[in-house]
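To keep things clear, I will list the structure first and then write my remarks on it.
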Amino acid sequence: MTLLALVWLLLDATFLITLLWHLLQGCKSGHSLLCSVFQDLIRYGKTKTGLQRPAWLQWFDIPKRCFWHFYCVSLIWNGCLLWILLRLLLQSVPVPEWLQLVLHFLHAGSEPQILDRELSVILALALLWLHSLRRLLECLFVSVFSNGVIHLVQYCFGLGYYFLIGITVLTYCPLDRRTVSTDNLLTQCHWYHILGLALYIWASLHQYRCHCILAGLRKSASGNVINLNHSVPCGDWFERVSCPHYFAELLIYVSIAVVFGLLNTIWWLVVLYVLLNQALAALLCHEFYHEKFDTYPIHRKAFIPFIF
């Protein structure tokens with residue numbers, strides 16, 4: 001097993017244990033220092049509302065509006081990786097030595113990569129880059145952030161996450177192949193590339209709509225911000241789940257798994273991480289809505305329609 005796969009497995013295990021611990025009411029009502037730190041680390045934004053926190057924990061608070069930093073870093077980093085890959089494949093420009101060292105360190109001991117995966121890797125990196133661009137623009141020009149906060153650990157983790165994602169994609173094809181022609185890339189095109197792109201577009205469209213609905217709760221008809229309160233969102237996938245934008249995020253990562261032809265094992269570990277991470281965040285939001293609004297629709301699930 002490579003170090004990269006081990007990292008994703010550890011992240012999966014950590015969030016699975018955290019989710020199960022929360023579902024079993026662990027530390028939910030406890031007032032010990034350990035419970036306070038646990039709750040502070042798993043919550044952010046509105047789900048921290050009403051949380052009894054020691055004053056010193058507030059030293060680690062960072063405004064939630066800094067979410068745009070994650071997408072800015074991802075845009076630059078994954079854009080650079082895509083540029084390096086395209087120059088290698090189309091112009092025979094070698095991969096920088098520092099990147100080769102990073103890839104070797106994280107992916108040493110893996111099975112030899114199979115040729116003719118270049119198109120899948122190019123598409124995956126391009127989709128990640130486009131996703132980061134859209135989310136950055138949404139954070140800057142659509143979303144209306146309250147005074148909610150995130151923990152410094154969550155902030156640092158988020159920055160590292162997008163670094164790791166791009167590296168994970170690159171490990172799927174050999175980077176010692178000097179050139180690949182446009183005709184060769186076209187011959188690599190399969191049905192799963194088209195299906196993955198369709199799912200990506202569909203999920204991205206719904207995520208954008210959901211973010212617009214959330215922003216609209218704090219804006220007037222003319223688009224001016226009129227409040228920073230929390231309200232019950234309605235419309236689109238909100239009719240089925242409390243956090244459809246999290247569900248759409250999961251579908252976006254599944255769509256990239258489809259682009260890989262469902263064969264990239266490490267990427268499925270990434271998908272599992274997104275599933276567990278977003279499920280925990282959705283569950284906390286779902287509980288917040290039910291505690292704050294007595295008339296909150298009881299038929300809505302937290303994360304996945306009809307299931308969870």
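Glycine is treated like the rest: Cβ placed from N, Cα and C.
Given the structure is predicted, the values throughout are model-derived calculations rather than measurements.
Long-range contacts of the topological domain 'Lumenal' (24-65) within the same chain, counting only residues at least 6 positions beyond its ends with a Cβ under 8 Å from a Cβ of the stretch, are 18, 139, 145-155, 230, 280-281, 284-285, 287-288. Annotated topological domain 'Lumenal' per Swiss-Prot: 24-65 (among others), in sequence order.
Residues or ranges marked as topological domain 'Cytoplasmic' in Swiss-Prot: 87-120 (among others). With a cut-off of 8 Å between Cβ atoms, the residues of this chain six or more beyond the topological domain 'Cytoplasmic' (87-120) that come close are 1-4, 7, 81, 167, 170-175, 177-180, 184-185, 187-189, 193, 259-261, 264.
Positions annotated as topological domain 'Lumenal' by Swiss-Prot: 142-148 (among others). Tertiary proximity for the topological domain 'Lumenal' (142-148) is limited to same-chain residues at least six positions away from its ends with a CB under 8 Å from its CB atoms, namely 44-46, 48-49, 63-65, 67, 211-212, 214-215, 218-219, 225, 228, 230.
Proximity of distant same-chain residues to the topological domain 'Cytoplasmic' (170-184), defined by a Cβ-Cβ separation under 8 Å and at least 6 residues beyond the stretch ends, is recorded for 2, 4, 81, 85, 88-92, 95, 100, 103, 106-107, 110, 112-118, 120-121, 124-125, 260, 264, 266-267. Look at Swiss-Prot and you will find 170-184 (among others) tagged as topological domain 'Cytoplasmic', backed by sequence analysis.
Annotation source Swiss-Prot lists topological domain 'Lumenal' at 206-255 (among others), citing sequence analysis.
Long-range contacts of the topological domain 'Cytoplasmic' (277-308) within its own chain (CB-CB distance under 8 A, at least 6 residues past either end) are made by residues 15, 18-19, 22-23, 42-44, 46-47, 49, 230, 232, 237-243, 246-247, 249-250. Taken from Swiss-Prot, the feature topological domain 'Cytoplasmic' covers 277-308 (among others), and the record attributes it to sequence analysis.
Taken from Swiss-Prot, the feature transmembrane segment applies to 3-23 (among others).
Taken from Swiss-Prot, the feature transmembrane segment applies to 66-86 (among others).
Positions annotated as transmembrane segment by Swiss-Prot, on the basis of sequence analysis: 121-141 (among others).
According to Swiss-Prot, the feature transmembrane segment maps to 149-169 (among others), an assignment based on sequence analysis.
Per Swiss-Prot, transmembrane segment is recorded for 185-205 (among others).
Packing against the transmembrane segment (256-276) from elsewhere in the chain are residues 2, 4-5, 8-9, 11-12, 15-16, 19, 120, 123-124, 127-128, 165, 168-169, 171-172, 190, 192-193, 195-197, 199-200, 249-250: each is 6 or more residues past its ends and has a CB under 8 Å from a CB in it. The annotation transmembrane segment is assigned in Swiss-Prot to 256-276 (among others) on the grounds of sequence analysis.
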Chain residues in Cβ proximity to the transmembrane segment (66-86) (below 8 Å; excluding those fewer than six residues from its ends, i.e. six or more beyond): 93, 95-96, 99, 121-122, 125-126, 128-129, 132-133, 135-136, 139-140, 145, 150, 155, 158-159, 161-163, 165-167, 169-170, 175
Highest-contact recorded stretch vs the transmembrane segment (185-205), from 3-23, 121-141, 149-169, CB pairs under 8 Å: 121-141
Positions whose Cβ lies under 8 angstroms from the transmembrane segment (3-23), at least six residues beyond its ends: 42, 105-108, 164, 167-168, 171, 265-266, 269-270, 272-273, 276-277, 279-280, 283-284
DSSP-derived helix, strand and coil totals, residue by residue, for the topological domain 'Lumenal' (24-65): 22 helix, 3 strand, 17 coil
The topological domain 'Cytoplasmic' (277-308) - residue tally per DSSP class, helix then strand then coil: 16 helix, 1 strand, 15 coil
